[in-house]
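Visitor: One structure, pasted below without further comment.
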Amino acid sequence: MESVEEKSKQRRWLPNFKALRLKVYRLADRLNIPLADAARVELEEYDGSDPQSLRGLQKLPRTLYFGLPLPDSELDDTGEAKRWFPRNKIRTAKYTPIDFIPKNIFLQFQNVANLFFLFLVILQSISIFGEQVNPGLAAVPLIVVVGITAVKDAIEDFRRTMLDIHLNNTPTLRLSHYQNPNIRTEYISYFRRFKKRISALFRVFLAKQEEKKRAKRLNDAVPLEDMAGSESRPSYDSIFRESFEAKRSFEDSKGKVPLSALDGTATILQSRPMDIIDYEAEATGECHFKKTYWKDVRVGDFVKVMDNDEIPADIVIINSSDPEGICYIETKNLDGETNLKMRHALTCGKNVVDEASCERCRFWIESEPPHANLYEYNGACKSFVHSEAGGSDTSQTVSEPISLDSMLLRGCVLRNTKWVIGVVVFTGDDTKIMLNSGAPPLKRSRITRNLNWNVYLNFIILFSMCFVCAVVEGIAWRGHSRSSYYFEFGSIGGSPAKDGVVTFFTGVILFQNLVPISLYISIEIVKTIQAIFIYFDKDMYYKKLKYACTPKSWNISDDLGQVEYIFSDKTGTLTQNVMEFKKCTINGVAYGEAFTEAMAGMAKREGKDTEELTLQKQSFIERDRMQMISQMRNMHDNKYLVDDNLTFISSQFVHDLAGKAGEEQSLACYEFFLALALCHSVVADRVGDRIVYKAQSPDEAALVGTARDVGFVFLDQRRDIMVTRALGETQRFKLMDTIEFSSARKRMSVIVKGPDNRYVLICKGADSIIFERLEPNEQVELRKTTSEHLRIFALEGLRTLCIAKRELTEEEYYEWKEKYDIAASAIENREEQIEEVADLIESHLTLLGGTAIEDRLQEGVPDSIALLAQAGIKLWVLTGDKMETAINIGFSCNLLDAGMDMIKFDVDQEVSTPELEVILADYLYRYFGLSGSVEELEAAKKDHDTPSGSHALVIDGSVLKRVLDGPMRTKFLLLCKRCKAVLCCRVSPAQKADVVQLVRESLEVMTLAIGDGANDVAMIQKADIGVGIVGEEGRAAAMSADYAIGQFRFLSKLVLVHGRWDYNRVAEMVNNFFYKSVVWTFTLFWYQIYNNFDANYLFDYTYVMLFNLIFSSLPVIVMGVYDQDVNADLSLRIPQLYKRGILQLNSARKIFIGYMLDGFYQSVICFFFSFLVINNVTTAAQNGRDTMAVQDLGVYVAAPTIMVVDTYVILNQSNWDVFSIGLWALSCLTFWFWTGVYSQSLYTYEFYKSASRIFRTPNFWAVLCGTIVSCLFPKFLFMTTQKLFWPYDVDIIRESYRTKRLHELDEEEEIENAEQSPDWASSTLQVPFNASSSSLATPKKEPLRLDTNSLTLTSSMPRSFTPSYTPSFLEGSPVFSDEILNRGEYMPHRGSISSSEQPLRP
């Protein structure tokens, strides 16, 4: 029987032999290669499918021991810890220097096109198939494409590798010589030892080099005054240098922290029942906080983080330099939020202040398994408490719950705190930042997905051509009536059937260009440059945050031009998310004066003069504000009030607070605002004489800030003591417990103990949540009055909350507290257990009142929504606000108008599901005459028009949940499809994602979701395109999105300009790419007619190799990057041009087939024109050689073919300027240059000096010109006819722009605007009302409206100009004038007539 030592030794050697084998098993499993049963079992054991495996244990809750030995249940048979924890060394790079080449090549050849071309290279290396071609030369195109991609991947990965190295070698403080029982004995393989030696030598070498550089810098020192203002960006070399210098500095100091680092430590207090220090244990004195690298930190280690240092791993806070155990962190690296957040140390660790106390700690932590939720952590810290009772020493286990409030996550930065001592619970890939760093859902653009169909079609054509060649060639060899039977040495294969097979594969090699090898890399290059253009668009740069529109996914820019549905959050997306407390209701009395944007919108709909009404309201509010401030100053001197920042205006409130309306109302006002000053989680920060509140929610900051302004000031919080000053009187409340807010609970509660020793629970939340928790049969009239006030507030566009309280006895509290502590200490399902316990105490509440907060619209939102609607895009708003609030915001932002028929889908919970389905069916039939059948849904998929009616649907979240979960999805979707606007209110993040998924999958349309908060991430990732706004709630949405912008108004240009351009560019580019491949390949096919279809080359092989790679790629790439039919201004002024993208007219398959047929026709001309002309003429060079040799014929055919292809591409471009024409000329010249230079080489054999012979003959130039004209004239004639008699919308707009008619329209509009009365302001496209200004904002230039019914170009404002078009739009205006080319103006748009789009007729 093996000893424990032998087993331990065997286990240490185990990784050395199994590591490689397991990697092979994993690779085979990913490739779906069947594994043997033994291999499958071994893989599952070490990969975690088996719960008892090393990695499987990692997925279970973990228990970590500190100063205590591991129990037997945590040990294996060798005495080692069962658990395996990942190293803290992380790697975000895809490759290492060793595996880059094989891994990158393996990933690239997962692309089917690359595999196909690799197959061709292998075929050509076999002499029977590729005897005419050098295999090395045949591999050049594939090597170039793979090489370019590899270089691009290497550049991208190099940066990640450098950042990984820098991060892993960041120094931190770890308790050295501490016996950590949680870590298994680590086996270091020979390879890792080798790497460590190499790294050590590398560091020594760099250190010596740095010493030389430092000495040289000292010798060549520059005076300080000469260096003033000089600043350089850090390089990777400087990053390494700083890392190695830091290492040397702390190694020179033996890694010990100087005593000065412990200045300001917390005073050691007397031991209490919950204390993790064993004061009877003796410290060895060998443990010190020694500097080490992040990569060496392990689970179970004590670490010490200093001020402004980054957190190396996920750690539980044991103590901090603050006497109350408070520390502050910045979480910008995790969620993008820059405001500081407060964290609290465990109360049981308040005496842990130095190395000795850490060494004497005796406790264990029960932790949940690692997961990616950044906002949740459940754990418990437990230890033994010894007590002497009845003369015997007994031990009792005590516990303290651990939540996220006591955690520091890797990536956060410690701020405003001298030091923090903590213990590591998660390292490396188990940390939350790494679990959240996984790649977002892979999104491929629609054109890219549809590209497979084009490729498959070309494969079918390719194999058909090869099959024809194989059959005909086999038949030809079988017959004896041809001269080849007598002059050839026999068939290659030995029989007609084998000859056919050989010819088939030789044909695959010959016609390979039909599947363009450079297509995918060209598309990737084009989309990368398009993303760069988007990023550098100054019109989408948000100056306030210094943030440009940032593409995160570079491969879906063309999808932006096909969006049909936009799903938008409201708060922070349409609004500013800057909350202003405007009104409140207290004890049935409403307070506050305000004139909101929604109120202005209602006045406008009622036909009132909003300008005059605004002046009246503002004048009244200003007088009331001055009166209120004067009354408050007389009541008490509030030094924290800044007069200009006061948003809650109500002199009546101060009057009632002073008791002039009775003692009852005065007490109610006092309790209401004192509750606001206590029920929160904000941090008070003193800035001079002012107090500024930092909160995770802008609503909470507004509530506490208004309480401060009216005299109820929250001063500070130390541990569990909240200090307030109410009307000048300082009070201290003990915070007993906080029940946090969550999106599921929709409420928050605190329990405080007042100066009079009374226990009070204060609860704030949504009105529907609070009202159902009030004391039954109490405050009946107050409930009705408050509900009416809240309804009015919501109609005014304000966000509402309710405040309530409950007084508790000490017995009630501690009875509940016992249950709450059990729930709070639970490792699993803690949230659900806390919710159950919270329901016990958050009941029988007494209503105090309600608040109303205004969230103003962002600048430009109404204009942007109007533009998107005119473009044919449907906008749905998904918000968590009340229905009334959402409706009024909808009116304010032009989503709704007074003429709409509102369908409010809000029913009681008592209504059963069958009854709800009847109601939904009634709505659908009554308004639209539909039954909700599957056939109607299929018809709806093909209908992309804007709903013709004037209906708007508003649905509540509770009803929406039942609709989405039941069989009513089809009826609901049809109802929404027929409505011009849809508002979903009171919805959860999951419901937002479900709505997006329903529309996207059921209607098969392009969807875009836009939001600004973490609750929008699910919706953003579910949509085809996700757009995140960098806002007040952090950058969680922006980090998860495909595009990040600063304001909603930038969305209109992103979609209507860049999206439309990129869609047109990519669609046209793909069609032209396949067109040129067809032209080139079929010229080779026609040659086979005169060659027994034996798959011989017409061209020199270099032509075949370079055609798609060099000769014809540049014009197509320029088209994909640079082309635009109209400029950005016209794209925004005439948003109806966007509808072609929604209908996918430019990427329709019939358009693709048209290009293929055009290429087929041109291939006939290119080959037969040259062949038939030359075949009937005998020509000879000066040396007497007949120039009709096959290589010379190849030049005769290749030259016009390449010229035709390049000219055809630029003819399809809409925008001609010096740049595009220059690149077109460069592409053409490469052919002439290559032919002239390459044919001078002796190694070209029969091709030797072909250029010098052929280019001297006039026949060649006659054939060249004739072929180009014959190929392109039908296309030019078709384009001219289409634009003259069946012009598209864009053709009319471009012609109007060219003939200055749009400029004349602008001038007439300006004249009419000056003469126009204010009545026109009722237009839905007017500039949004700004209540803060003294008058209505000046209207901007109106977008043009293209009326396709009357087929005239009209403006949205009254005018007398209506252009009429003669049969010749371009009469008297040359198409290709030098002036236009020099200015880079736009050429008339090319296109083809589509039956799906009704062309505009004169």
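Cβ atoms are placed via backbone N, Cα and C, with glycine included.
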Visitor: Which one of 1003-1023, 1066-1086 shows up in Swiss-Prot as transmembrane segment?
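Guide: Based on what Swiss-Prot states, transmembrane segment spans 1066-1086.
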Visitor: For the transmembrane segment (501-521), could you work out the same-chain residues 6 or more beyond its ends whose Cβ comes under 8 Å from its Cβ atoms?
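Guide: Counting only partners 6 or more residues beyond its ends, the transmembrane segment (501-521) has Cβ contacts under 8 Å with 111, 113, 116-117, 120, 123-124, 128-130, 133, 138, 141-142, 145, 148-149, 451, 455, 458-459, 461-463, 465-467, 469-470, 473-474, 492-493, 1070, 1073-1074, 1076-1078, 1080-1081, 1084-1085, 1093-1097, 1104, 1107-1109, 1113.
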Visitor: Excluding the flanking five residues on each side, which residues at least 6 beyond the ends of the transmembrane segment (1066-1086) place their CB within less than 8 Å of a CB in that stretch?
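Guide: Distant Cβ neighbours of the transmembrane segment (1066-1086) are 445, 447, 451, 454, 458, 462, 465, 510-511, 513-516, 519, 522-523, 526-527, 557-558, 1097-1099, 1104, 1107-1108, 1112, 1116-1117, 1119-1120, 1123, 1146-1147, 1151-1152, 1155-1156, 1158-1160, 1162-1164, 1166-1168, 1171, 1197, 1201, 1204-1205, 1208-1209, 1212.
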Visitor: Is the transmembrane segment (109-129) packed against any residues at least 6 beyond its ends, judged by a Cβ distance under 8 Å, and which are they?
Guide: 135, 138-139, 141-142, 145-146, 455, 492-493, 502, 505-506, 508-509, 512, 515, 517, 519-520
Visitor: List, in sequence order, the same-chain residues at least six positions removed whose CB sits under 8 Å from that of T571 (Mg(2+) binding site)?
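Guide: Correct list: N577, R799, D855, T879, G880, D881, D1012, G1013.
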Visitor: Return one of helix, strand or coil for N1015 (ATP binding site), based on DSSP.
Guide: helix
Visitor: Rounded to the nearest angstrom, how far is the Cα of D1016 (Mg(2+) binding site) from the Cα of D569 (active site, 4-aspartylphosphate intermediate)?
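Guide: Between the alpha carbons of D569 (active site, 4-aspartylphosphate intermediate) and D1016 (Mg(2+) binding site) there are 7 Å.
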Visitor: By Cβ distance under 8 Å, which residues at least 6 away from the ends of the transmembrane segment (135-155) in the same chain are close to it?
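Guide: Same-chain contacts beyond the flanks: 94-95, 100-101, 104-105, 108, 114, 117-118, 120-121, 124-125, 509, 517-518, 521, 524, 1101-1102, 1105-1106, 1108-1109.
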Visitor: If you count other C-beta atoms within 10 angstroms, which of the binding-site residues D881, D1016 is the most crowded?
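Guide: Max Cβ neighbours within 10 Å, all protein chains included: D1016.
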Visitor: Using Cβ atoms only, state whether the transmembrane segment (1101-1121) and the transmembrane segment (1260-1280) have three or more pairs under 8 Å that are 6 or more apart in sequence.
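Guide: Answer no: the transmembrane segment (1101-1121) and the transmembrane segment (1260-1280) share fewer than 3 Cβ pairs below 8 Å.
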Visitor: Go through T800, N1015, the listed binding-site residues, and name the one with the sparsest Cβ surroundings, counting other Cβ atoms within 10 Å.
Guide: N1015
Visitor: Within 10 Å of the Cβ of D569 (active site, 4-aspartylphosphate intermediate), how many other Cβ atoms can be counted across all chains shown?
Guide: 30
Visitor: Do any residues at least six apart in sequence from K1275 (1,2-diacyl-sn-glycero-3-phospho-L-serine binding site), in the same chain, have a Cβ closer than 8 Å to its Cβ, and if so which, in order?
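Guide: Sequence-distant Cβ neighbours: D1158, Y1208, L1211.
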Visitor: Counting other Cβ atoms within 10 Å of each Cβ, which of the binding-site residues E700, D1012 scores lowest?
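Guide: Counting other Cβ atoms within 10 Å of each of the binding-site residues E700, D1012, the minimum falls on E700.
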